[in-house]
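Colleague: One structure coming up, written as structure tokens, with questions to follow.
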Amino acid sequence: MDDPYHNNVNQQMTEGGDYTYTQDGGGQDGYPYQTDYPPQDEDAASDATEGADDDDQMYEGEYQGVPHPDEIKEARRAARIEARRKARMATQQEEEEENLPEQYETIMEDCGHGRFQWMLFFVLGLALMADGVDGFVVGFVLPSAEKDMCISNADKGLLGLLVYVAMMVGALVWGGLSDKMGRRKCLIYVLAIDLIFSFLSCFAQGYGFFLFFRFCSGFGIGGSIPIVYTYFTEFLQMDKRGEHLSWLCMFWMLGGLYASFTAWGIIPHYGWGFAIGSEFQMHSWRLFILVCLFPALAALVGVVFMPESPRFLLENARHDEAWMILRQVHDTNWKAKGEPERVFTVTNIKTPQTQEDEFIEIQSDTGTAFQRWTVRHMTMLQQVMANVMSLSAPELRLQGLFLVIIWFCMAFSYHGLGVWFPDMIKYMQYEEYESKVRVFHRERVERFHFNFSLVNQIHREGEYVHDKFANIEIKSVKFENSLFENCYFEDIKSTNTFFENCTIKNTVFYNTDLWQEKFKNCRMENTTFLHPKKGCHLNFQEENDIVIYMVSFLGSLAVLPGNIISALFMDKIGRIRIIGEISGNVLSSCTFLLLLSFSQGAVICWQCLFYAVSVAAWNGLEVISVELYPSSKRGTAFGILNGICKFAAIIASFIFAAFIGITKIIPIFLAFAALVCGGLVALKLPETREKILS
């Protein structure tokens, strides 16, 4: 039966010449199919016949491993699509990176400067104070430790060297890791390592263990300075950076004051220690190390309650965490200012995500736990090394070279003279002591009881027969070419005492600390040593001269006015003028005044003046160092610069110490040349007081 409607439709469609309907038994009743196909391109035709090619015939190139032409076209098309996608992502990332610094600065201005920054200021200040304390610990305990553990002069120099090497390596490693792991996490690791190994060094009875523990402690605390400055900088707005970073530097001075004051009050008190048998002894210098742990412990507790740097989180595409922290900063500050109703209005922050972060995320879901740990840390190591290599980029290379020169010159002069000042005072004391030495020549003493101390004497070609030396102290005494016959030594404490080319006959040494090293080229005949005192004798009256503690205390205290001046004028006159003019002019002039230091008092005065002026230049240098580098490389760059500082300190300590007692001209000239060079190079750096953190 014909349907007028369908006939009409068939007629209209047929006249159009496009489609027709069929109603045969094998057809699809009422469904259209295309009779006149639109023209197809070559790729579409290939796709339409792909199944027939696979079923009916074999592409002959497959026998030879040659890819099919369709596969080549598909691969090229995919490559073009991927290239366009990467280009769009690169363009978008550049726009986001350009917008992020301005947006972040606006957010920090909206958050304001208040209670949160001050809390972070004191916490990070304690971490900086811990670094300052560690810089003084070894120098204060060494005079006592070398006697307690019988450390030779060579080993004594090795201790100071290894501690500085450890701090140099720590600055390089932790500075780089802070750009990948986070400022807060790395600072927690740094303080924990310092605490653990400093605590263990208090109880180390052998020199080997003590050296190892101090090395590990130095490796930890060496990373504190790069992290602290980077961490605090990223919570400050532009107009507050110079001033508050300079105030933060004051905590390093407080570390020196704390170490000097506690050493002065603890180390000379020998009775404050205790002993467990003869194998374990806890003298007062070990108690001093224990007390020096308090700043690091307080800093560690405080950092645990502080958030991560939001700038670091944004650079690593962790938008939500950064937003929460910025809101916390905003609410904390405005609530403390009496405006709790103010709302954090930021809703979106552009955050570029790097391919390295995606790689770690992908790998963290595959393999065993050990494989994931290995992949994650190897990838992180690759990223840190890539970050280090990126500092040689053309836009960073020149300013990086300038900063390296300035840091090296400043550290060389500062740490070199820091070694020269106390050593020069000791040398002056030694010269004064030597000038008062008493010389006895060819004296003969027979059947005499020495019951008084012998101090600062030289006995040449003397004869001592049937004499008794009992319950006395022999200090800085030398016996040369002398004869001891039928003598008796009992309960003797000796310091810097030697027997050279002497003949000792029928003599008894009972309960004395005179051992083989005290006798040089001596001839022994029927001589007996009974109950000799093992180890080295601690003489706190000699080894802990109060002048040394006073010098360090006054040197640290002298930094205070320089810190205040630099903090007040850092944002007013600029970083470059503070570094260039103070370092190049004032400091170099101060060094020539050292030629006029003919007494201990004069050396102490010039030391205080030098430290007071140099701290302003150091503050300017540290501020500009964190401002010149982008956030993704800031910790790495500052760690390298701080490592160079420690390297310069190592070189300077050897060079300046070598001229003690020989000449003052060469050390002073070297310090002068280094300061002038650093000051002139500083003038080539760009001013950053109005620069937004990139």
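Glycine is no exception: its Cβ is also placed from the backbone N, Cα and C atoms.
TrEMBL lists these features:
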type     : residues : note
REGION   : 1-68     : region 'Disordered'
COMPBIAS : 39-59    : compositional bias 'Acidic residues'
TRANSMEM : 118-145  : transmembrane segment
DOMAIN   : 120-689  : domain 'Major facilitator superfamily (MFS) profile'
TRANSMEM : 157-174  : transmembrane segment
TRANSMEM : 186-206  : transmembrane segment
TRANSMEM : 212-232  : transmembrane segment
TRANSMEM : 244-267  : transmembrane segment
TRANSMEM : 287-306  : transmembrane segment
TRANSMEM : 400-421  : transmembrane segment
TRANSMEM : 546-570  : transmembrane segment
TRANSMEM : 582-603  : transmembrane segment
TRANSMEM : 609-629  : transmembrane segment
TRANSMEM : 636-659  : transmembrane segment
TRANSMEM : 665-683  : transmembrane segment
Colleague: Under 8 Å between C-beta atoms and at least six residues away from its ends: which parts of the chain pack against the transmembrane segment (244-267)?
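Modeller: Contacts of the transmembrane segment (244-267) (Cβ under 8 Å, skipping residues fewer than 6 from its ends): 113, 117, 121, 124-126, 128-137, 140-141, 144, 228-229, 232-233, 236, 284-285, 287-288, 291-292, 295, 540, 544, 546, 549-550, 552-553, 555-557, 559-560, 563, 566-567, 570, 615, 618-619, 622-623, 626.
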Colleague: Restricting to the same chain and to residues at least six past its boundaries, which positions have a Cβ under 8 Å from a Cβ of the transmembrane segment (157-174)?
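Modeller: Long-range Cβ neighbours of the transmembrane segment (157-174): 134, 138-139, 142, 151, 186, 189-190, 210-211, 214-227, 639-640, 642-643, 645-647, 649-650, 653.
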Colleague: Quick check for me: are there 3+ Cβ pairs below 8 Å between the transmembrane segment (400-421) and the transmembrane segment (287-306), leaving out pairs under 6 residues apart?
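Modeller: No, since the transmembrane segment (400-421) and the transmembrane segment (287-306) share fewer than 3 Cβ pairs closer than 8 Å, they do not count as touching.
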Colleague: Who are the chain neighbours of the transmembrane segment (636-659) in space, where the CB to CB distance is under 8 Å and they lie at least 6 residues beyond its ends?
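Modeller: Same-chain contacts beyond the ends: 160-161, 164-165, 167-169, 171-176, 178-179, 222-223, 225-226, 229-230, 384, 387-388, 391, 400, 403-404, 407-413, 415-417, 419-420, 423, 625-626, 628-629, 666-667, 670.
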Colleague: Are there residues at least six beyond either end of the transmembrane segment (287-306) with Cβ under 8 Å to its Cβ atoms? List them, or say none.
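Modeller: Sequence-distant neighbours of the transmembrane segment (287-306): 119-120, 122-124, 126-127, 129-130, 133-134, 137, 140-141, 184, 187-188, 191-192, 194-195, 198-199, 201-202, 221, 255, 258-259, 262-263, 266-267, 272-273.
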Colleague: At a C-beta cut-off of under 8 Å, are there same-chain residues at least 6 beyond the transmembrane segment (582-603) that contact it? List them, or none.
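Modeller: Apart from its flanks, the transmembrane segment (582-603) reaches 406, 410, 413, 417, 421, 424-425, 428-429, 547, 609-610, 613-614, 616-617, 620, 664-665, 668, 671-672, 675-676, 678-680, 682-683.
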Colleague: What residues in the same chain, six or more past the boundaries of the transmembrane segment (118-145), come closer than 8 Å to it by Cβ-Cβ distance?
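Modeller: Same-chain residues near the transmembrane segment (118-145) but 6 or more away: 151, 156, 159-160, 163, 167, 187, 190-191, 194, 198, 210, 214, 217-218, 221-222, 224-225, 227-228, 231-232, 235, 244, 247-256, 258-260, 263, 267, 283-285, 288-289, 292, 295-296, 298-299, 302-303, 306, 422, 538, 540, 543-544, 549, 552.
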Colleague: Mean pLDDT, the domain 'Major facilitator superfamily (MFS) profile' (120-689)?
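Modeller: Here the predicted model's pLDDT, averaged over the domain 'Major facilitator superfamily (MFS) profile' (120-689), is 82.
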